[in-house]
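Listed in TrEMBL for this protein:
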- 39-56: transmembrane segment (TRANSMEM)
- 67-128: domain 'Homeobox' (DOMAIN)
- 69-129: DNA-binding region (DNA_BIND)
- 131-332: domain 'TLC' (DOMAIN)
- 140-160: transmembrane segment (TRANSMEM)
- 210-229: transmembrane segment (TRANSMEM)
- 264-284: transmembrane segment (TRANSMEM)
- 304-324: transmembrane segment (TRANSMEM)
- 337-376: region 'Disordered' (REGION)
- 344-354: compositional bias 'Acidic residues' (COMPBIAS)
Amino acid sequence: MFQTLYSYFWWERLWLPANLTWADLEDRDGRVYAKASDLYITLPLAFLFLAVRHLFETYVATPLAGLLNVKEKVRLKATPNAVLEKFYVATTKHPKQADVEMLSKKSGCTVRQVERWFRRRRNQDRPSLLKKFREASWRFTFYLIAFIAGMAVIVDKPWFYDLREVWKGYPIQSMLPSQYWYYMIELSFYWSLLFSIASDVKRKDFKEQIIHHVATIILISFSWFANYIRAGTLIMALHDSSDYLLESAKMFNYAGWRNTCNNIFIVFAAVFIITRLVILPFWIMHCTVVYPLDLYPAFFGYYFFNFMMVVLQSLHIFWAYLIIRMAQKFITGKVVEDERSDREETDNSEEEEELAKNGPLSNGHPVLNNNHRKTD
């Protein structure tokens, strides 16, 4: 049974154009080709990334946060209450009005006290500002290094300047050592992101993030199997070109450097739109959809690869919508919040009125303003 499934999975017609077999991609005459077994190393490398990330966040990001004066917002803790805690954990964090009234009778608290308790309890579970800064620092460091390394891998290649060179001689294209390591490191990093997504800061686009990571892992893996390596390196470098800008904007945001954050975000928005909504669909996807048909008839792998590209492009359009909304607020000078994040909830009781004067908080830190910094 297993052998039959294995044979069907690796059937040449799924992965390679007609009249080509895996035997055509065996190493010979000093030429080395990509092999599926090469990707086994990415799983242990992913766990190594998680270990390196822990060390980086502890010994680099945390001291850096102190130097940048990243401060936590003082959160009022919910008074211990067994009845409310049990409902919070077992039922829902957002009780309806009928539930609030029922809990008020059971706990002996007023309706207002129950509502305040749930607001404070939800705020307790929100990730700290330091945690967000550490995560952003780690991703910024990786994306910046990956972008520089990716450009070093492809900038001297003919297919970087002429996309028709991507398919010249395909699929008999030998693999370079630089391409091997670029693929292994990128794929390992995305595995590590997928493994840690449950414990990372959870945003409103949590499901879209999972889809993105899974689609990216599938695309990188498939492009390796089918020897789409030249196209793959271009796509990975293109994606890394804007990611480090977003993470640096977040870091300055958490540190309270509002004007710097705003300026970097505008640059990020421009780079994101140019690379993801212009270059990717009209150059790269045109290259992967149109040019291969000049060399061989379409096959399953051709359709599958481009379908996954469409999935990624759909996510880019979704995120571009959120980015444009935020950029518009930056430019017009309106208060800007992270469109993907939950707001920090505030109590409106009299004793907390002074805290509420500072306004709503977004994503665990003060909202952004083009001209000044709100107090923590």
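Backbone N, Cα and C define each Cβ position, glycine as well.
Just so you know, TrEMBL annotations are computer predictions that nobody has curated.
Confidence across the DNA-binding region (69-129), taken as the mean pLDDT and rounded to a whole number, stands at 84. Across the DNA-binding region (69-129), DSSP assigns 36 helix, 0 strand, 25 coil.
Residues 205, 208, 211-212, 215-216, 218-219, 222-223, 226, 228, 268-269, 272-273, 276-277, 280-281, 285, 288-289, 339-340 of the same chain lie 6+ residues outside the transmembrane segment (304-324) yet bring a C-beta within less than 8 angstroms of a C-beta in it. For the transmembrane segment (140-160), the residues of the chain that approach it from at least six positions outside its boundaries are 56, 166, 168, 176, 178-179, 182, 185-186, 189, 230, 233-234, 236-237, 240-241, 243-244, 247-248, 250-251, judged by C-beta separation under 8 angstroms.
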